[in-house]
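Structure record follows, encoded as structure tokens.
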Amino acid sequence: MIDAYLYSYAGVLVATLWWYILESRDKATTYAKGLFFLSALSYLLLLLWSDGTWFGKVLWFARDAGMFLCTVLIGHYLARRTAMLSAAVAGLVFLLKLIYLPALPALAPQGELLFDIKQHGQLQQIKQALAPYGVKITRAFPRLKHPAYSELDDFYVVDVPRSQLRKLPRITRQLYRTGAVDWVEHNEMIHVTPILSDRSTPSGGSSKIPSKVINDPHVDKQWAIGPFDIVKLHQRFKKQGIRPKKTAKIAILDTGIDATHPDLKANYTSTSSKYDSDKQGHGTHCAGIAAAVTNNKVGIASMIPGHKFVTITSIKVLNDQGGGTQKGIIDGIIQAADTGADVLSMSLGGPSSDDRQRAYEEAIKYANKAGAIVVVAAGNSNQDARQHLPAGAKGVITVSAVDAELQKAAFSNRVDKVAMGIAGPGVDIYSTFPGNSYRSLNGTSMAAPFVASVVGMMKAIKPKLTTKEAYQILKRTGQSTQDSKMTGPLIQPLKALKSM
């Protein structure tokens with residue numbers, strides 16, 4: 001819909017200039033007028049039918065009207081001056097690209113393309129077709145424990161020499177022309193940057209928390225304690241002697257986790273020592289939200305009543321600067337699933353196109369069949385979460401962010417169009433940080449591990465719980481927000497666990 005809207009608007013501008021140029025040279029303008037009116041009608045209809053609020057559409061129209069006025073002025077004053085007209089049009093094209101087309105993510109330098117082969121025996125045919133470009137083709141995901149769970153076993157990665165990168169569209173077309181591939185997509189890079197809270201001190205939690213229930217000293221800085229009834233949750237587990245059927249494992253796919261943090265280590269299980277540190281901080285912050293140690297008289301509390309219910313582990317898919325690749329993230333999903341994770345918490349992602357969906361969705365299918373539930377942050381662009389991946393992929397629970405007043409966070413993507421959208425606290429969230437410290441951050445990155453924490457406890461009580469079953473419980477027991485249509489209901493851990 002967005003692409004069609006942009007094409008129709010571009011048609012309006014092109015027809016406008018063409019009309020002025022023809023008229024200035026005393027030539028027939030019939031076709032130019034026809035293109036203008038047809039494009040204008042298409043533009044208006046697509047604008048009205050596009051996603052978004054009426055206020056947002058008014059702002060879009062105002063922006064478009066301003067650009068149209070610039071085009072009219074260029075056509076009116078420069079139509080007879082060819083050199084100046086060419087320069088003005090070039091400037092207009094640059095401005096259009098700057099305003100309307102967001103920068104595309106960079107591609108991974110060690111493998112720019114992923115393709116899904118029809119039959120492995122056709123690989124030599126593909127190599128011959130791409131031989132003129134000097135590419136290197138290797139198996140994308142060679143270490144699958146359960147190849148039959150999805151089509152990931154059929155994916156290959158193409159490493160294109162730097163000198164040939166400008167021919168990437170041609171290489172993609174050549175892949176399809178071989179008839180040996182089902183799908184080709186970009187292996188894009190993503191980057192997460194923690195959004196620092198703009199408050200000097202965190203929003204307060206409840207000041208009436210009995211120390212006999214929760215004795216962590218910083219619990220007053222955790223505003224989500226109140227809406228989540230965490231005190232009653234812990235009291236319920238203690239008084240009723242509720243025991244888990246298994247210890248559920250939550251895998252945090254992120255920048256790593258500071259495994260030595262005193263508020264994490266008792267609930268932490270190492271998958272690999274290379275994942276047990278975090279120079280960036282994003283992963284450690286998410287880990288504290290999901291499973292900080294409660295009642296250890298240190299730092300903060302979480303929903304987890306103890307390590308017998310939930311343990312967390314780290315799968316490092318982002319580097320120390322917060323960057324990663326689509327293939328690297330999928331490798332992390334595979335590793336988490338193959339090492340027995342019950343829940344995958346993924347506070348990462350980026351803008352997407354249809355060309356990027358299949359590999360992610362095959363990876364999520366792989367994790368689901370391995371028994372894992374995948375929880376993903378919706379993204380921080382104030383857009384439709386379907387336009388971001390893996391938030392928009394099939395099979396995930398997508399988490400938007402709300403603030404302490406239960407209003408949709410200004411940055412949070414909408415989840416009204418995804419299959420399984422839910423809300424969690426994502427503004428001014430106080431949690432663990434590397435170096436035995438704590439910090440307040442904002443983002444759907446913070447909201448996702450809240451949901452992962454609840455789902456982890458649900459899996460501990462009912463190990464065979466599926467993604468759809470977990471989502472239906474969260475949705476049915478959730479609380480309305482100030483904009484539930486855009487955010488989904490806010491999770492209510494106590495009610496969700498009671499319903500089981």
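Note: Cβ is positioned from N, Cα and C throughout, glycine not excepted.
Here is what TrEMBL records for this protein:
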{"type": "ACT_SITE", "residues": "Asp254", "note": "active site, charge relay system"}
{"type": "ACT_SITE", "residues": "His282", "note": "active site, charge relay system"}
{"type": "ACT_SITE", "residues": "Ser445", "note": "active site, charge relay system"}
{"type": "DOMAIN", "residues": "246-482", "note": "domain 'Peptidase S8/S53'"}
{"type": "TRANSMEM", "residues": "6-22", "note": "transmembrane segment"}
{"type": "TRANSMEM", "residues": "34-52", "note": "transmembrane segment"}
{"type": "TRANSMEM", "residues": "58-78", "note": "transmembrane segment"}
{"type": "TRANSMEM", "residues": "85-108", "note": "transmembrane segment"}
Chain residues outside the transmembrane segment (6-22) and at least six past its termini with a C-beta under 8 angstroms from it: 28-29, 32-33, 35-36, 38-40, 42-43, 46, 64, 67-68, 71-72, 74-76, 79, 85, 89, 92, 96, 100-101
Collapsed DSSP category at Ser445 (active site, charge relay system): helix
Distance [Cα-Cα, Å, rounded] between Asp254 (active site, charge relay system) and His282 (active site, charge relay system): 7
Distance, His282 (active site, charge relay system) to Ser445 (active site, charge relay system) (CA atoms, angstrom): 8
Three-state secondary structure, His282 (active site, charge relay system) (per DSSP): helix
Asp254 (active site, charge relay system): secondary structure state under DSSP, collapsed to three categories: strand
Intrachain C-beta neighbours of His282 (active site, charge relay system), sequence separation six or more, cut-off 8 angstroms: Val192, Pro194, Asp254, Thr255, Leu318, Gly322, Ser347, Ser445
